[in-house]
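In what follows, a single structure is set out as C-alpha cells and then discussed.
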Amino acid sequence: MEGQPPAGPAPLWHSKTTDQILKELGTGVNGLSSQEAAQRLERYGPNALTPPKKPGFFAKLWAQLNNVLIFILLAAAVVVAGLQEWIEFGLILAVVTINVLIGMVQEGKAEKAAEAIKAMLSASATVLRDGKRISIDADQLVPGDVVFIKSGDKVPADLRMLQVTNLQVQEAMLTGESMPVSKNLSPAPERAGLGDRKCLAYSATSVSSGQGLGVVVATGDAAEIGQINKMVSEVDNVKTNLLVQMEILGRWLAIVVVAIAVGAFLLALLRAKEPFVDAFESAVAIAVAMIPEGLPALVTIVLALGTKKMADHNAIIRQLPCVETLGSLTVICSDKTGTLTKNEMTAVAVQSAGARYSITGVGYEPKGSFTRDGQPVTAGDMSSVAALLEGCMLCNDSHLHQETMPDGRQAWLPNGAPTEVALITAGLKAGLKLDALTAAKPRIASVPFESEHKFMATVHQAGPPSSSGTGTSRRIMYVKGAPDRLLPMCSGQLAGNAGGSGSAAAAAAADLAPLDVEFWQRAQEELSSQGLRVLALCRGEVGPEEDLALLNPQALLQRPPSLAFVALIAILDPPREEAIEAVKVAHDAGITVKMITGDHALTGLAIGKMLGIAGNGSVITGPEIDDMDDTALRAVVNDCNIFARASPENKLRIVRALQTGPAYPGAMDGDDDDDDGPPPGKEDAAQQSNNTNMHSSRQPDKHASRGVAAAPVGDAVPVTLARGTATTLSSSGSMRDVRVDVDEDPEEQVGRQVVAMTGDGVNDAPALKAADIGVAMGITGTDVSKEAAKMVLADDNFATIVAAVREGRRVWDNLRKILLFNLPVNFAQGTSIFWAYVIGFHESPLTAIQVLYVNMVTAVTMGMALAAEPAEPNIMQRPPRRPGKRLLGKLILWRCCFVSVLIVVLVLGMYAWGGAEGRSIHRRRAEAFNTLVFSEIGYSITTRFVKASALHPRVFRGNWVMLASVCVTAALQVLLTFVPGLNWFFAMPEAMGGIQWVRVLVCMVVVFLVVEAEKALVDPVLMPIVRPVLDFAANHSPRFLWLPNPKRMMRRLRTRKEA
C-alpha cells in the first residue's frame, strides 16, 4: 500500500532513486509526524535486536547432569545414604559436584556473540519529527524517519542517503573493507554487494568524516546487522568429536558397570550367602570402583594444558573441547590480508619508459635494493630511480618513522594509508630523505584522494623563478592514482630512464617524449596480471596564471592534457615468510589451505602461487558463488583453493559446502585396522563415499595445494533439508546414503572435511560459528567475531593456526594415553571385587574409600603426568584424524583388557598370599591397595609410549612431570599406610610388613615388564588373534551404542523408512 513501508521481503533500497524511496516509505525530507511515528513504532516494533534465547541455570545444570555415568553415581549415592554410609555418600556427592562445576565453568556461551552485536548499536539519534530537529533514543526510530549523521556518530539504523557532504563511513565490521567508504546518492545495481552500495549507510557502522541526511529504510532485525544477529543465533555450534566420543564411552561403561555390578550382587547373595544389604552394598562398591570419576577432571586438565601451550604461541582458545578438534582439521580457510600476508603493502616494481626495476625487501622496513634484469642497479642509474620516486614521497599524506619498542628492538611504524606508506618505503630504499625533500619542495596546495575520482594531486614550490619572467617561483604538480584516470590527463612522458634534469624539479624539454598510451596500457596489464596493484605517477608545471585556490578534482579533469607520465609503481601485500613455511607444514600434515579474500581474483591468485596453495590455478569469485546452488557449490569447493571478492554469506556457504560435500580424498588417521574409523553401520557409507570421490579425484600432493575434483552428481537428487541447505541422495535411497544427510550435525558425517575459518568482522560471525573451528583475529577483529569464534589469534598470523593444529594432535594423543591408563585401573578395581566373590573370598580386597582415593587422587596424579607428554616427532607428518574416530581403538581396547586382567591377578594374588600367611584382613587389604597403586605407577611409565618400548633412555627425557608424579604418588602411599588416623580412615590400621613391601615393588616391575613384552608381540602375534574377536563384538553390538545422538538418529531412520 502506497504511503506505508512495504511488508514482505526487504526491497532493494540501494537500486532505487531517492524520490522512489520517499514515496514507498510514505515520508518526505521533513520527516514523519509524531503521530505517524508512534503508529509505525506500534507496527514495526522498537529499533532493537531480538535477544537470543538464554538457557536458565537449571537448564545448564541439567545439561551437565544428563550423563549416564553421573546418573549411576547419583544412584550409588542414594543407596549408600540409605545404608547410612555417610563418608562414602559425601565423597560420591563431592565427585559429582566437582564434575558438574567443571562442566558449567567450561561451557561455551553462544549468546555472547549476539550480546556483543547489541552493544554496537547507537544509543541515540537526531531526527526530523514534525519538521523539527530533535534527539531521541535510537530504539524509537521507525522506517520513514529522516536522520542526521555526522563525523563521530554511529549510524542508528539502515539509511538511504538523501544528502551527503564529504560523508565517509567505516564499514569494515560489515564488509571487510579496511578504508572508509565515501557515500553518494547514486543508485547501485540490484546485485551490488554491501560494499558497493554507496548510497546506503548501515546500522552500527561509524561515520569517520563529513555529514549526511538519510531516511530510515530498515530497523532492528530487518537491518543488515539484524540479519547477521539472526544468523548468529540460528547457526548451531558444532559438537566436537571428543564430546561425542565421551558420550559413547559413557554408554558403554554404563552397560559394563551395571552388568558386572548385578552379577556381583547375585554372586554375593546366592553364592557367598551374604545378607541382602551387604550384597547390595558390595554391588554399589563395584559400580563406584569401575566408574572413572576422575576422568572428566583429567580431560579438562589435558585440554587446559593444551590451551595454556597454545596461548604461549598466541592462540587463545575460548572453548576447551575445541583444542582436540584442531587435531582433526582437514581444511583451513584463511583470510588473505594480515593473516597470510603481512598487511604491509610493499612496492615491488617501478616501470619507467625505458626500464623496469624490481625492488627487494618486504614490509615497511626500508631494507632492500633495486635490480634491473636481475642485476643490481648502478650508482648512476640509482639517481634516475630516486628522481622517479620523488613524486611518490611528495604526493603523499602518510608517514613512516622508526621507534624503539619495549623489548628493545627497532621497528618502523606507519601512520596513514598502507599504499602511501609503501611508496615512502620505496623512496627510502632509493636513498631519498623525506624530511629533506619536503623542506626543499614545500607543499602549497593539494587535492585529496577520493574514491570517485581515484587520484590525488599536490603542488609544490620548487626553487628558482620560472622562465615566464614574472619572478614567481616554479610550481610543480605531482599526481598519483589509477593509470586509466591519469593517462587522459597527460600530453607526454619522460623519455627513457630520465627522472628529470637536475634536481628533478621538472622535466626539461630534452627529457620529454610523446605519450605512448599503448605502451603504458600493456605494462599496466602485465603487472596487474601478476596480481599487483598498479599506481601511476605523473607531474607537470603549474603556471603563474593558475589560481591554486580553485584547485579541485573537477578543475584537474577539465584542465587540458599537460602532465608528463613518469612511471608505474607495482604494489603488493606480500605473504608472511612464516606463513609460507606454515603452509608447507600444513600440506605435510595433509591439510588443505584455502584463501578467501575480498580482493580481486588476480591478486588472490598471485598471493596463492607465492604461498604454494594455488593448486590448479582456478579462482571462484563471490558473484559466481551467488549463482550456484548448494549442490553445484559442493561439486567445486574441494577443487578450488582461491575464493575472491567473497562476501560473508559466501563464507558461510563455503563452510557448509566443505562440511557436507565430498569426503577427504586421502588416507586418514583412523583408517587402519586397529585405530578404528567410523562406528559399525557407518563404515559402508564411508567406504562408498570415499570410493566415489576417489574415482573422480586425484591423490593430493603434500607439497602442492590439496584439492579433489568434484564428485559426480549426475545421478544425484538435491534435497532441501531443515537447515535450509541441500544435499544429494542417490536414487537407490538405501540406508547407506543416510550418512551424507546435511541435516545431520556435521560431526555425525563420516569422512567429512573438518573446517577452520578465519574472520575479523561482524559479518564473519555466522561463518565462524558454523565452522568446526572459528578463528577470530585478535588485533583487527571485532568483539562480535571474537565471541562467535572458538579460537582467537593474538598475532593475526596464519602460522599460529598451524602451531595450534600441532598442539591439538598432541592433546588427542595424550587423551588416548590417559584412557589407556585410566580404564584398566578402574576395571581392575571393580573386577577385583567381582572376582573375589567368584573365587569365594568372604571379604572384599578393596574398600569403597580406597577405590575412590585411587579414582580421584592417584589416577589424576598419574594422569597429569601423561597429559604433559610432549608431541611425538612425526606428529605433523601424519594425515588428519578421521572424524568419528574412536577414543578406544582395537589396540587400546585390547590393552585395557589385558592390563586389567594382569592387575586383577596381582591384586587378588597378593590378597590371597597374605591370607595364606595368616595375616589380618587389614594387612591383606593394605597389601592389595598398595599393589594396585604401585602397579599403576609401573603401568603409567610404559603408557608414555603406546607402541614404542619404554626400555630406552628416552623414558628419562621429555617429561619431568612423570618423575614428580611417581614420587608424589609413592610418598602418599607411604603416608596413608603408616600415619595413624590416615591408615585407619583408609581401612589399614595395621602397617604392612617388609616382605609385603617387597612383593608390592616386585608387582610394579612385573606390570612394567609384561606390558613391554606385550608391545613387542602385539602386532605380529596378538592383534591377528584379537582383531576378529573385537570385530565380531562390534558388528553384533546394538547400533544405538555407537551413534552420537541415538534418539535423533533413530527418529530419522523411522521417518525415512515410512517415506
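Our numbering is plain: 1 for the first residue shown, then up by one each step along the chain.
Any Cβ shown, glycine's included, is placed from N, Cα and C.
No curator has checked TrEMBL annotations; they are predicted automatically.
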In TrEMBL, which of the ranges 851-871, 998-1018 has the transmembrane segment annotation?
851-871
At an 8 Å Cβ cut-off, counting only pairs 6 or more apart in sequence, do the transmembrane segment (851-871) and the transmembrane segment (819-839) clear the bar of 3 or more pairs?
yes
Contact set, same chain, for the transmembrane segment (958-979): CB under 8 Å, 6 or more residues outside the stretch:
853, 857-858, 861-862, 864-866, 868-870, 926, 930, 933-934, 936-937, 940-941, 944, 986, 988, 991-992
Same-chain residues at least 6 beyond the ends of the transmembrane segment (892-913) whose Cβ lies under 8 Å from its Cβ atoms:
816, 819-820, 823-825, 827-828, 831-832, 835-836, 839, 841, 845-846, 924-925, 927-928, 931-932, 935-936, 939, 946, 996, 999-1000, 1003, 1006-1007, 1010-1011, 1014, 1018, 1022-1023, 1026, 1030
In the predicted model, what is the mean pLDDT computed over the domain 'Cation-transporting P-type ATPase N-terminal' (12-85)?
80
